[in-house]
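To keep things clear, I will list the structure first and then write my remarks on it.
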Amino acid sequence: MNKLKTDLNLIWNDICLELQKVISKEAIEKWFVPIELLSIENDQLLLKAPDPIYQYWIEENYLSQLIGASFRILAKNPKIIFAQESPGNGEKATGKKIKSLPREDKSSIFESKGLNTKFSFENFVVGPNSEFAAAAAKAVAESPAKAYNPLFLYGKVGLGKTHLMQAIGNHIVEKNKWILVQYVTSEQFTNEFIEAIQKGSIGQFRKKYRQIDVLLIDDIQFLAGKERSQEEFFHTFNCLFDGSKQIVLSGDEAPSSLQNLEKRLISRFEWGLTAEILPPGIEVRLAILKHKLKNYSLSIDEKILEFIAERIKTNVRQLEGALNRLCAYASIHKEGKITLEETQSLLKDLISLQPSKTITIEMIQKRVCEAYDIRFSDMVSKRRISAIALPRMVAMYLARRLTNLSLSQIGENFGGRDHGTVLHAQRTISEKMSKDPDLAQLIKKITEQLTSSQ
């Protein structure tokens, strides 16, 4: 073995050792040890793989880590080139992928990052209830760590928080597969943390979560009461944020309303942008059903879709589940046809969960007037009274959450105000709630009073 080859082998060994800081030892032995470093010329590392699958797998999963490790060893930012063997031509360098390479299912790349490719911005039905959150999510997906960091999405179960978080991750990976993205629930984060402590692999756990470019962590409220997990996530958050990495979180409440979480964590959740997703109005619920129906080769009467949309009001996941049940029954038993009576029978357990009476704007206005000790006539007047501004916005916000009326219809009930005023009120109160626990608690109390009386 000549000296040059020996030197190259030593350099490659150093690179592999450096890679162990960010990649498991098992992965190094499987994918990198069989690789041979042929040359280093003009800031290019020419590598030889024993089989095309090595090139494919490294390029798909570890290229950014390999470039980083090579930079730290060589003090230069190299381009990674794989040599191909061409019959009669010896080794030939190429920067292109081998066309004949059998590729694994595309979804496996996303699954390794905790992502499900069925969630996209294209199949997220946007309405007034979610347009601000959807716009913020798209901005983050287009420019990670430059638009809003962190982005905190909140709302009740089944309204689309997970869909938007997954869409962010999928969009980023589609645009640049080398960006390190990880979606995880806070429960998974906690379980991995506990397992790492038990196995003595806490260093590897920290490398996994502190070396990534985009962290999407769902259901952050699960960390409540878990002091050591909160401590670990606090330092993970700081490491990523200080490194200008994107953080997206979701919870069932605004940050200020989260219980049993450290104040220093809640404070960090509020550093960026908070965006609430509200229950969809009837127009959006109907649009969701029609969009979902496109996945089936069935034609269901619009009156049946309206029936479902009118009765399942607060949970998109439940709405979609009802349609799935209906379509399954129709395709198996009814040759694609189903009646309203059959729909009522099939969905009786879901429909029975819905409020039997409708909450009106007047009911909301009166409850808010009681809470703020103001006159009803001032609430609905056209006059601009500063003392009434906040209560009026609170009432508009609750009207968006608890009624099926459009923005314009709500505005009409507040002295003939336009839809833009209502939308502004919705966004303002949503933002205030994320930072004012007293306001968030008051709105929660009024909501409970209104819904429990139904």
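Easy rule for this one: first residue shown is 1, then count along the chain.
Even glycines carry a Cβ here, placed using N, Cα and C.
Residues or ranges marked as ATP binding site in Swiss-Prot (evidence: sequence analysis): G158, G160, K161, T162. The feature region 'Domain I, interacts with DnaA modulators' is assigned by Swiss-Prot to 1-76. Feature annotation from Swiss-Prot assigns region 'Domain II' to 76-113. Positions annotated as region 'Domain III, AAA+ region' by Swiss-Prot: 114-330. What Swiss-Prot lists as region 'Domain IV, binds dsDNA' is 331-454.
Counting residues per DSSP class in helix, strand and coil order gives 47 helix, 11 strand, 18 coil for the region 'Domain I, interacts with DnaA modulators' (1-76). Counted within 10 Å of its Cβ, the other Cβ atoms near G158 (ATP binding site) come to 16, all protein chains included. Here the region 'Domain IV, binds dsDNA' (331-454) has a mean pLDDT of 83 out of 100. When Cβ atoms from all protein chains are considered, those within 10 Å of T162 (ATP binding site) total 20, not counting its own. Each of G155, V157, L159, H163, L164, S250, I277, V316, R317 belongs to the same chain as G158, G160, K161, T162, is absent from that list, and has a C-beta within 8 angstroms of the C-beta centroid marking the ATP site.
For the region 'Domain IV, binds dsDNA' (331-454), the DSSP-based tally of helix, strand and coil residues reads 86 helix, 0 strand, 38 coil.
Reduced to three states, the DSSP call for T162 (ATP binding site) is helix. Residue density at K161 (ATP binding site): 26 other Cβ atoms are found within 10 A of its Cβ, drawing on all protein chains shown.
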